[in-house]
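Each remark here refers to the structure printed beneath this line.
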Amino acid sequence: VMSSSSSSALEMEIFQYIDAHQSDFIKGLKEWVAVESDSVQPHLRREVMRMMALAADRLATLGASVNLVNLGSHQLPDGQVLPLPPVLLGELGKDPQNPTVCFYGHVDVQPAKKEDGWDTEPYTLTEINGVHLLIRNLYGRGATDNKGPVLAWINAVETFRALKIAMPVNFKFVIEGMEEAGSLGLEKLLEEEKQSFFSGVDYIVISDNLWLSNKKPALTYGSRGNACFSVEGGSKDLHSGTFGGIIHEPLLDLIALLDSLVDSTGRIQIPGIYDSVAALREEERKLYESIEFDLEEHRNNCGVKKFLYGTKEEILLHLWRYPSLSIHGIEGAFHEPGIKTVIPAKVIGKFSIRQVPHMDLSVVKKQVVEYLEGVFSKRNSPNKLKVSMPLGAKPWLADVDDLLYKAARRAIKTVFGEDPDFIRDGSTIPVARMFQTVTQKSVVMLPIGAADDGEHSQNEKISRHNYIEGTKLFAAFFLEISKLH
């Protein structure tokens, strides 16, 4: 273990190297963003394959041993069969004295087209001054989700090599190309590699989410699960002039069912749904007080006039540790321009419930089905009702007192000069739970992107500051992890 003065001298040397090589690191990101590795659209699957090969080459250049594991193919709803991109398993360093850190990231992206409302070409990394002159933003699809963070980690590893500094930890890499399309095949691979690739891994690091604020760093220790439901009824389309007023219309049944799910304050109306929600502990409540969260900034980031709640604490509690229900759409209803006087027959309503610890998916499903059947029976409708849950992902929660979180916190303090916010994520991050369940190792989520990065939306960006300081953060984190052993 190094003395603190030699350790800080080493950090200074590393940080100076990273600052001096900013333009190289940005050039690397520009090359990666230029690949249209959209895993959602079938015609771009070859680009995802190309991106996986680029990532493999990049790691091989570092001296890592790289294995691209073939996952076979998958069938689309239209019957088309597509090859799945391979998953990259990489390894660098096997010093038995060092801890082993496994980094997960993905190099596939969400769809993007200039005509969707981008100000720049989505696949051309473009540097533009931000609102504050000191902030320069790097715009491009994948800049923050997740090519920027993956490269920041690789840049940090490369810095140690370039300076001929002994690696403080052993590295393993899991990089995939299907995250935006549900990480097909990943869980099975993790299970298969549990005894081999993961046997020597001590810690798992994921950097695939954002800070809560635009300026203050964060560490993420939990995310909500998600249960998706569809409600179906009716059989054939009818004319409203011939049948309007004398039949039970399926769409009216469906709207009544959807309307019964949540009240105007956002509270879910399904009996028993809150029964298993973990009680709020005093020490957890204290974490919320110190969090930097600007209601105004958050409102501007999402473009709404007002929230359901007026205080920071209430908003964060309802976003992170209480369940929520959202209605997503109705399939089968007429939605084109103009008017069509049809009574739609087969209509399917779609909604989801974000669940939290300690809600049980099978119990949630039972509560939803029983409640909707009850509401439906009161309507005395002859239409058929079918409720199904096509998708369910569990919530994830880590221990903020874990040594790995303490190491991450110290690294953040070193680079950014302040303690991070400890945050949870209101959305679902299946990989965090997947890695924790399969490997039984400590998992930390260490984001480097800011709240206004716009992942998945038009004008996605990462600021030059976050990309470069994020690279320093990862380097400092390697040193902190080595001190744990």
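A Cβ is built for glycine as well, from the same backbone N, Cα and C atoms used for every other residue.
Automated prediction, rather than curation, is the source of TrEMBL annotations.
Per TrEMBL, Mn(2+) 2 binding site is recorded for H106, D145, D208.
The feature active site is assigned by TrEMBL to D108. Within the same chain, the residues at least 6 positions away from D108 (active site) whose Cβ sits under 8 Å from its Cβ are S37, D38, S39, V48, M51, P85, E176, G177, M178, E179, E180, A181, listed in sequence order.
Taking Cβ-Cβ distances under 8 Å and a sequence separation of 6 or more, the neighbours of D145 (Mn(2+) 2 binding site) in its chain are V109, Q110, D208, G449, D453, E455, H456, E460. Under the heading Mn(2+) 1 binding site, TrEMBL lists D145, E180, H456.
For E179 (active site, proton acceptor), other Cβ atoms within 10 Å of its Cβ number 23. According to TrEMBL, the active site, proton acceptor annotation covers E179.
Sequence annotations record features per position, and here TrEMBL assigns domain 'Peptidase M20 dimerisation' to 221-375.
Taken from TrEMBL, the feature site 'Important for catalytic activity' covers H239. The Cβ of H239 (site 'Important for catalytic activity') has T341, V342, I343 as same-chain neighbours under 8 Å, each 6 or more residues away in sequence.
Put plainly, the binding-site residues H106, H456 were compared by Cβ crowding within 10 Å, and the winner is H106. Predicted-model confidence for the domain 'Peptidase M20 dimerisation' (221-375) is 93, expressed as mean pLDDT. Within 8 Å of the centroid defined by the CB atoms of H106, D145, D208, the record's Mn(2+) 2 site, lie the Cβ atoms of G105, N146, P149, V150, E179, E180, E455, excluding the listed residues themselves.
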